[in-house]
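J.: Found this in Swiss-Prot, in case it helps:
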TOPO_DOM  1-25  topological domain 'Cytoplasmic'
TRANSMEM  26-46  transmembrane segment
TOPO_DOM  47-71  topological domain 'Perinuclear space'
TRANSMEM  72-92  transmembrane segment
TOPO_DOM  93-115  topological domain 'Cytoplasmic'
TRANSMEM  116-136  transmembrane segment
TOPO_DOM  137-166  topological domain 'Perinuclear space'
TRANSMEM  167-187  transmembrane segment
TOPO_DOM  188-226  topological domain 'Cytoplasmic'
TRANSMEM  227-247  transmembrane segment
TOPO_DOM  248-273  topological domain 'Perinuclear space'
TRANSMEM  274-294  transmembrane segment
TOPO_DOM  295-673  topological domain 'Cytoplasmic'
REGION    406-425  region 'Disordered'
MOD_RES   SER407  phosphoserine
COMPBIAS  408-422  compositional bias 'Polar residues'
MOD_RES   THR415  phosphothreonine
MOD_RES   SER438  phosphoserine
MOD_RES   THR439  phosphothreonine
MOD_RES   SER444  phosphoserine
MOD_RES   THR448  phosphothreonine
MOD_RES   SER470  phosphoserine
MOD_RES   SER473  phosphoserine
Amino acid sequence: MATAASGPCAGGSPRDILWRVLGWRIVTSVVWSVLLLPVCITAFIVFSSIDLFHPIQWLSDSLNEFYSSQVIFYLLLLAVVIIIISIFNVEFYTVVPSIPGSRLALIARILHPQQLTHSFIHAVMGMAVAWCAAIMTKGQSRSLVVPCTGTESLDSPAAQTCMNEYHLFFLLSGAFMGYSYSLLYFINNMNYLPFPIIQQYKFLRFRRSLLLLVKHSCVESLFMVRNFCIVYYFFGHIPKAWISTALDLRTDEQAHRPLDTIGGLLNVSLLYHVWLCGVFLLMTWYISWILFKIYATEAYMFPVQPPFAEESDECLPKVLNSNPPLIIKYLALQDLMLLSQYSPSRRQEVFSLSQPGGHPHNWTAISRECLSLLNDMTQKLVLYQEAAATNGRMYSSYSVEPKRLSSPEETAFQTPKPSQMPSVPPLVKTSLFSPKLSTPDGSSPFGTPFGSSVVNRMAGIFDVNTCCGSPQSPQLVRRGPRLWTHTSDQQVSAVSNPSPCASVTAEGKTVRQPSVLYSWIQNKREQIKNFLSKRVLIMYFFSKHPEASIQAVFSDAQMHIWALEGLSHLVAASFTEDRFGVVQTTLPAILNTLLTLQEAVDKYFKLPHASSKPPRTSGSLVDTSYKTLRFAFRASLKTAIYRITTTFGEHLNAVQASAEHQKRLQQFLEFKE
């Protein structure tokens, strides 16, 4: 297993920690990208001057060309391009993929000022690469200005030079390929850093990706050349006329056909060299991108205990419970998962007690953060299902007084911060799924066990029409309680027959009827919405894909998977390694949290489209594993519970838990889940 050695625990700001962890990795990836550049240039020179009938002369000329001073200058220029591309890789990376819910959201993302800057810089860098490639090909495209071939060009000195359209075609194709690379970079989430499931040496990971990189570059360059030829056929006359006018150059149509015609574009030699230039550009940029991903996602070993108390900012418990950059949080959780499985000595540090005092600070900090992450996922699934119960509709109402910001219901469902969660209550189930708390009142027309404040936070404030007998309210009301709890007959009758117009909010305030103006505005808004929904083009951009919203719920599930695996392995190892019994104090909370999350996941996968698997894209250079993270999370959750139950066995019957959780736990003990 390849893991990086850790440095000492040192204090500092989050940016200092980020630089200490990732700084040398970024520099090393850039250095290797530059060192591999001569290999790519040599391959480009060899294939650009291919001559199968004279192979000895072909290879000797290629080697002589590589050692020329001109190529060395281009090597330095291309090294600068690689460094700039690497800087943009570092600036735009993310560990949580961005999943747009509609085509309009994707367009808005592409047109963001940062993305536009990214595209512009890559277009300029692509033009620089194409300029170097055009000169190294030794063909008709070496220079933008060439002598005219016609006799009429000798009338005046200014008319003796003409524009070389081949060179212009090369430059514009490089800019187009650079922009296309940037466009696909965000559309395909290439800035997403997927962490490897199996830890391997960096060389093995790069060697495994090399053949796929070459294949992907060749195919993608072919499509880019096709698209550029189409664009140049329709709009190529615009830059050609502008450059001819700006530089006072003539267009020599006697030397070759214009390239913005079908006959001019059917130049096999030109298309081959442009395609080869695209392969060279994509390979050098993809190498830089792959090396950065390999180095950035390599496992990092955080020390569990600092040598001194004042030097604990980079230690595992402190990093997990602080707010570092997200990639540092991911690396810390990955390290927790690895130490829980493969490092008995570091597990002993987790189970150790502080001296003096005898407190399990390491275990408390680690378990608290893991339980906080799992509770966050439970709340996210709860809120998503509450939104799905109302079909994602937004409601609004008028209340006499504004809603309070610190109600107990809202406080219970806010994302807990690590500093605000000293411990997790042993019966998490009762706060979410207990039937005693699920009695609907007048403030909760949907009859959910969470009160109206949770739904209000998700979907705005409720519309009074849902309580006043609107045509759609009975369907929405009936669907609400079915998500979480089995309601009694009295509850069903109370929900099915809400009071006509008067209701009471959670704060005990009455809700008044909307004004005539408000009703008229609501009706007009519905009419406009219905009118636009019948237009195919508008719905093409505004319609939301259900798979995207489902993927967005689990977009950051990788760290929850590591929290599950790390916590469950530590609990299982504590059965024989925990000499002080520090895990036993939090075992009820851990089991109840896992079982609560298991029930939420089971109910989530009963929703439409949740169980549908997207098509697999095997053999692709772009990682799409984030699309199936929900299935990996469900499998990891069930495996984590089984790991604990098979280790402790019947001893778990003595753990304090609710009746439903005891029943669910017994099913795991009997391997019936």
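Heads up, the Cβ atoms here are built off N, Cα and C, so glycines get one too.
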J.: Considering only the recorded stretches 26-46, 72-92, 116-136, 167-187, 274-294, state which has the highest number of Cβ pairs under 8 Å to the transmembrane segment (227-247).
T.: 167-187
J.: Would you say the transmembrane segment (274-294) and the transmembrane segment (26-46) are touching, if the rule is that at least three C-beta pairs must lie under 8 angstroms and be 6 or more residues apart?
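T.: Contact between the transmembrane segment (274-294) and the transmembrane segment (26-46): present, because at least 3 Cβ pairs are under 8 Å.
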J.: Run through the topological domain 'Cytoplasmic' (93-115) and tell me, per DSSP, how many residues are helix, strand and coil.
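T.: Across the topological domain 'Cytoplasmic' (93-115), the residues distribute as 11 helix, 2 strand, 10 coil.
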J.: Averaged over the whole of the topological domain 'Perinuclear space' (47-71), what is the pLDDT?
T.: 86
J.: By DSSP assignment, list the helix, strand and coil residue numbers for the topological domain 'Cytoplasmic' (188-226), in that order.
T.: 25 helix, 1 strand, 13 coil
J.: Let me spell it out: take the transmembrane segment (72-92), skip the flanking residues so only those 6+ beyond its ends count, and list any with a Cβ under 8 Å from a Cβ in it.
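T.: For the transmembrane segment (72-92), the far contacts come to 26, 29-30, 33-34, 37-38, 41, 114, 118, 121-122, 125, 128-129, 132, 135-136, 185, 191, 284-285, 288-289, 292.
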J.: Sequence-remote contacts (6 or more beyond its ends) of the topological domain 'Perinuclear space' (47-71), Cβ cut-off under 8 Å?
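T.: Cβ under 8 Å, 6 or more out: 38, 41, 133, 135-138, 273, 276.
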J.: Can you name the far-off residues of the same chain, 6+ from the ends of the topological domain 'Perinuclear space' (248-273), with a Cβ under 8 Å from a Cβ of it?
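T.: Long-range Cβ neighbours of the topological domain 'Perinuclear space' (248-273): 48, 133-134, 137, 139-141, 145-146, 148-150, 153, 158-159, 161-163, 165-166, 169-170, 225, 229, 232-233, 236-237, 240.
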